[in-house]
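Copied over from Swiss-Prot, here are the features:
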- 119, 123, 124, 125: (6S)-5,6,7,8-tetrahydrofolate binding site (BINDING)
- 227: site 'Plays an important role in substrate specificity' (SITE)
- 228: N6-(pyridoxal phosphate)lysine (MOD_RES)
C-alpha cells in the first residue's frame, strides 16, 4: 500500500501502521476470526466512496448525489443473493453484532424469551450473554453441548424450547468446530412456533463454497460478518425471507443506524464477487484440509481437541493436560510470533480471562499459502514452545520468521 501522504502528515499513525505490518508479515496468524483481505478489497475500502453520505436505500436516499453509490450497494446485494441463494439481503450493518441486533429488534420485544447457545460452550456475546445488549434486553435461555460428545445437545435444545416457548431460537457459534444441523433446529422451531435465526459469521465462507449445509433454506434470518472466512472488509450483512425484508430494512435504517459506510459496502461487493469464483472453493477446501491436519498433528503432540477434531476452519484445544492456561499460552506464543486467542472450553472451571483452552483457525494462514506440510510445522512450533516455556525461545522465533518469509504477504 502507498502511504506516502500519511508518512508526511502523521508520522505517529504511519509508524503504528508500519509496526502492525511488520507483525502481520513476520507472524503466523491463527486467530480463527481473522484473515488477510485482497488488495482489491483494501482499495475499495480506501476509495473516494468514503466521502459520500447515503442515508436510506438505493433509489430512496435522504441525500442527493447518491445515484452512483446506489450502484455499489445494488451490486453488493445482487452478489450476496447469488452467493447464498437468498430472497432478501441487507448489506448495511456495520458489524455482526449490529446485524444480530437488527434481527432481534425487527421481530422481538424487550423481555421476549430467546434460546441461544451458551457463550461458555462456543456461542457469541450477542447470543444472550448478560454483559451484552442481547442478555440485557431479552430473556435468553442457554443451550449447550453434550458433556460426553462435546457436540450441540439437540435434545436439550428441544426440551428447553418446549419448556420456555421462546419467540426465537438462535444458532451459530464463535468457537464450535463441528457442523450444525440446521434442519433439526428448524424442526424444533416449528414445534414451538419460534423464529429461526442463524449467525453464520464464522462459517459463511464455508457455506458459500458449499462445504457446509446452508441455513438459508431453513432460517427466517441469517446474519454474518463479511470478514473471517469470507475474507472481506470488517462489516456485517443479513439474509432473510422476503416477508421480513421491509421490517428488517426499517430496523437497520432509521432504527439502529444512520448513514451506511459506502466504501465498506463496495468492499463487501468485491469480496462477494471473489467468493463467487471457482478458486474460492479451492481456497475453502484448503482451509478445511489445513485444519484437519493441524488438529491431527496437535493430537500427536498430546494436545486434546474439544469434540475430537473439526469439520470446519477452527480447532478448540484443551490445555488441561499440558499444565498451562490459555492466557499463558497466548502470551508464550506471542513471544515466538504466533498469534492465538485464549478461549474457554466447554464446562471450563477457569475464568474467561484465563481459560483452559485456546482457539485456533486456518483462514489467514491458508490465504498466505500454507498447506498441510506448513500446518505440521506450525503444530511443531507450538509444541516446542510449550516444552521450552521456561527456556530460550529465540530459535523457534527464527524458524517462524523464516517460514513467514517463504510465504510473503501481498506480493
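Each Cβ is built from the backbone N, Cα and C atoms, and glycine gets one as well.
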Note the Cβ centroid of 119, 123, 124, 125, the recorded (6S)-5,6,7,8-tetrahydrofolate site, then list each other residue of that chain whose Cβ lies within 8 Å of it, in sequence.
116, 117, 118, 126, 127, 128, 129, 132, 173, 174
Which of the three DSSP states, helix, strand or coil, fits residue 119 ((6S)-5,6,7,8-tetrahydrofolate binding site)?
helix
The number of other Cβ atoms within 10 Å of the Cβ of residue 125 ((6S)-5,6,7,8-tetrahydrofolate binding site), counted over all protein chains shown, is 16
Sorry to bug you, but what's the C-alpha spacing from residue 124 ((6S)-5,6,7,8-tetrahydrofolate binding site) to residue 227 (site 'Plays an important role in substrate specificity'), rounded to the closest Å?
16
When a 10 Å sphere is centred on the Cβ of residue 227 (site 'Plays an important role in substrate specificity'), how many other Cβ atoms does it contain?
25
Measure the Cβ-based neighbour count of the residue listed as 'N6-(pyridoxal phosphate)lysine', defined as the other Cβ atoms within 10 Å of its Cβ.
28
Take the Cβ of residue 119 ((6S)-5,6,7,8-tetrahydrofolate binding site) and count every other Cβ within 10 Å, whichever protein chain it belongs to.
24
Calculate the distance in Å between the alpha carbons (Cα) of residue 228 (N6-(pyridoxal phosphate)lysine) and residue 123 ((6S)-5,6,7,8-tetrahydrofolate binding site), and round it to a whole number.
16
CB within-chain contacts under 8 A for residue 124 ((6S)-5,6,7,8-tetrahydrofolate binding site), separation at least 6:
96, 100, 117, 172, 173, 174, 199, 201
Give me the long-range Cβ neighbours of residue 123 ((6S)-5,6,7,8-tetrahydrofolate binding site): same chain, 6+ apart, Cβ under 8 Å, in sequence order.
116, 117, 129, 142, 173, 174
